Amino acid sequence: MTSVAVAGRPGRAVSQLAIRQIRRGGLIVAVLAGGMTAIVAATFDQVMADPAAAGSLQALASNPAIRTLFGDPIGLDTAGGFTVWRVGTVTTVLLGAWAILATTRTTRGEEEGGRWDLLLSGRITLTGALARHLAAVMAIAVATAVGITGALIASGTPAPGALIHGMGTGLAGLFFGATAALAAQIFPTRTPATGTAVAVLAVTLLARMIGDGVPALGWLRWLSPFGLMALSEPYVHNRAVPLLVLLAAAATVTVAVPLAAARRDVRGGLVAPPTGRPARLRLLDNVEAFAIRRVLRPLTGWALGIGAYFLLIGLTATSVTEFLAGNPALAGQAAEAGFADLGSVAGFAATLFALLAMPVGGFATVRLSAFVAAETDQRLALLAAQPISRARLLGAETAATAAAAVLLISVAGLTTWAGVALTGGHLALTAALHGVWNTFPVVLLSLGAAVLATGWAPRWTGVLGALPAIGGFLLLVIADSVAAPAWVKSLSPYSHLAPVPLAGADWAATAVMLALTAVLTVAGLAGYRQRDLRS
Amino acid sequence: MTDIALRAVHLTKRYGRLTALDDLNLDVIRGEVFGFLGPNGAGKSTTIRLLLGLARPSSGHAEVFGVAAADVTRAHRLLAYVPADVALWPHMTGAEILHLQARTGPGTDLAYRDELVDRFELDPSKPARTYSTGNRQKVALIAAFATRAPLLVLDEPTSGLDPLMEREFRTAVRSARDRGQTVFLSSHQLAEVEAVCDRVAILRAGHLADVATMSGLRALHRSEVTVSYTGPAPALAVVPGVEAITETGEGQLRFTLTGPPAPALRSLAAAGVTALAVREPSLEEVFLDYYGTENGR
Ligand SMILES: Nc1ncnc2c1ncn2[C@@H]1O[C@H](COP(=O)(O)OP(=O)(O)O)[C@@H](O)[C@H]1O
Ligand SMILES: [Mg+2]
């Protein structure tokens, strides 16, 4: 059946292949974007019916820090304007990021993995295959645009505004999909292609933020899909020109894709991969050094991400806390939602530092999962055949991961402190560091759980490792919102974290978590010593 | 140190209901090149993983020069290993991987390693992600041959090499033996084993079928003899070891011969033999004798 289709209509078969690879993720993105839009639009009447809430919203929107993050709040007094402001950036980033990942995965990723060799040996050309895969991603962007527009119109907002916002989001999706496809022609491997396209997304988002926040640099918004969407001012002025600019940009990048593809070989890129390089022999002298060497690159990436986020937290801390201190009603609402003492920088920092255990616990889990992956794909076999005990092999990995985690949380403390200091706020460096280090036991619990899984159930390393730091946080959030009994909440390590630097550390809880970590780690090492390596 | 480089005692490995290796008893003597022959799925890699302590036996035990295989910090100081599917860290260059292996291994002759890099024509400056299967295998082979470990354990190490490189491989195996290293070479290629091994074990479906020297192995098996004669037809049917006598033409006979040829030659003496050809069995045929027509497992 299928082979007949391939023989008769090769192009169609490739399109079907392209759609099959992205349909599930694409459907989730489209439904999520449309659904979030519909839900927020539906809450507008409720918010506006409560004068206090409406006032708080206006005050919140006028806060410079919030404006920087969410964009200029225009037309907040209409359901459409309100919705665009609240979810517009999130849905656009969601669609853009998905379009990038899906495009590089289905084009460069497949080509790099050699799965296009067979495809291209038939009647399909490289440009043809590329066009069909990009078209599939772009179809999802269009579907998302239709979903958002439909959700806004169905919520009773005026059609022109709905169309302008929906089209803006869809065009941004097309632009980022095309950008990813172009990056995939330039680089011969998937990682730099994805990285470049994601960097374009991040930089253009930043350009919009700067353009919004610094009037003199307002023109920056013309260079960014996010900025152009803001300039189109849906529901207020409904300007078409910025969207035409965005359309022209997306079309230009799209046209550049086949032009670039025509100038390269299959499995090649416009830039050749480095064919050789001098040996870098540092950190190769023993397994401990080698574990450090392998963690350095991911550590840098994670540190950049976490550092940027907490720098932003630091930069906005003073402004947000002053604002909350001056708005007792909003502070009261925040307190009800479980964020007590957001009115002081220390309280604000303590609340956000607790969140730090999530990404860093995730980092530890990802590292141990990568170690298991190296075992599964036999990369570890050469080392395992050296005179190195199993305990030392896993121990080195665990120690290097723990050390990297300490660095990561310290980076968060340093950047928060730097951000607060830059904006003239008050947060002592030692207070910031104590605050971040206080979360370390939760990170260690995740690491210990991941080591346990590595020793006894390697396939479950990701799940088990994520359980304390990420599962624990979700448990707390869910338990809070369904008013679960106290013992359920106490299962989460987060419920035993003291709000440092606002208060002192809970040393008893810390000791229990450290002891638990030790037990998990020792049990994991014991399992790893006696089990078969995976083959 | 004992003279037994590798010893398997009642070594058994079960994966659920599948017995991948069943009660293997084997001694590999120091200094020999030992072939470990068997079709795919016979249990060769499983055996090697047990010998290296990468997997734990279901029962029985293994020793490397008298050291328990499970004691890897001591046992692995005495061996170097080339796995069946060589996987490397994709971002590291060949040179970096060789350096790591040398620094963490049982001791490496760096000058000889550089010579091997030349002989195997490996470009060590490339990142491993760009290496073909054969090139990855070369990295592992160079790392192993360059060690001064007394035992080299090689699991189907030439499956990705081209014929020229296979020749280099055979040269390297012989140099290793000349230096006194023991080589344990698993293979499903008869020609390779035939070319370099002193003794060979044949594994089938997890069972050890036979252990023999190369010449002993062939002797155990039938040679094919073709004779032309002018005298009376020889009375071969009663001669021990002679089977499958066929008349291939006027005054021409073909038969198979197992064991010493003297009795057959005596009965041929009266027949006025004008031509005689003895064909040694290829190892393929030897192999088929063990496995029959069915394919191992
Ligand atoms: N980890 C494992 N789990 C289950 N079965 C395995 C595992 N490793 C090997 N086997 C099975 O054991 C048998 C022997 O495999 P192997 O030792 O790899 O054979 P060879 O190396 O001789 O080709 C095969 O049937 C294989 O499927
Ligand atoms: Mg094998």
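Along the chain as shown, the residues are counted starting at 1.
Quick reminder: no glycine exception, Cβ is built from N, Cα and C everywhere.
Per TrEMBL, the features are as follows:
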type: TRANSMEM; residues: A:25-44; note: transmembrane segment
type: TRANSMEM; residues: A:83-101; note: transmembrane segment
type: TRANSMEM; residues: A:133-156; note: transmembrane segment
type: TRANSMEM; residues: A:162-184; note: transmembrane segment
type: TRANSMEM; residues: A:196-220; note: transmembrane segment
type: TRANSMEM; residues: A:240-261; note: transmembrane segment
type: TRANSMEM; residues: A:302-325; note: transmembrane segment
type: TRANSMEM; residues: A:345-372; note: transmembrane segment
type: TRANSMEM; residues: A:393-415; note: transmembrane segment
type: TRANSMEM; residues: A:435-456; note: transmembrane segment
type: TRANSMEM; residues: A:463-487; note: transmembrane segment
type: TRANSMEM; residues: A:507-528; note: transmembrane segment
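Under the criterion of 3 or more C-beta pairs below 8 Å, with sequence separation of 6 or more, the transmembrane segment (A:162-184) and the transmembrane segment (A:393-415) do not qualify as touching, having fewer than 3 such pairs.
Counting Cβ pairs under 8 Å that are 6 or more residues apart, the transmembrane segment (A:133-156) and the transmembrane segment (A:507-528) reach fewer than 3 and are not in contact.
Within the chain, the transmembrane segment (A:345-372) has long-range Cβ neighbours (under 8 A, six or more residues past its boundaries) at 295, 298, 302, 305-306, 310, 313, 317-318, 320-321, 339, 380, 394, 397-398, 400-402, 404-405, 408-409, 412-413, 416, 420, 425-427, 431-432, 435-436, 438-439, 442-443, 445-447, 449-451, 453-454, 458-459, 461-462, 465-466, 468-470, 473, 493-494, 497, 499-503, 534. Of the Cβ pairs linking the transmembrane segment (A:435-456) with the transmembrane segment (A:507-528) and spaced 6 or more residues apart, 3 or more are under 8 Å, so the two regions touch.
Listed as Cβ neighbours of the transmembrane segment (A:463-487) (distance under 8 Å, sequence separation of 6 or more from its ends, same chain) are residues 338, 355, 357-358, 360-362, 364-365, 368-369, 442-443, 445-447, 449-450, 452-453, 457, 493-495.
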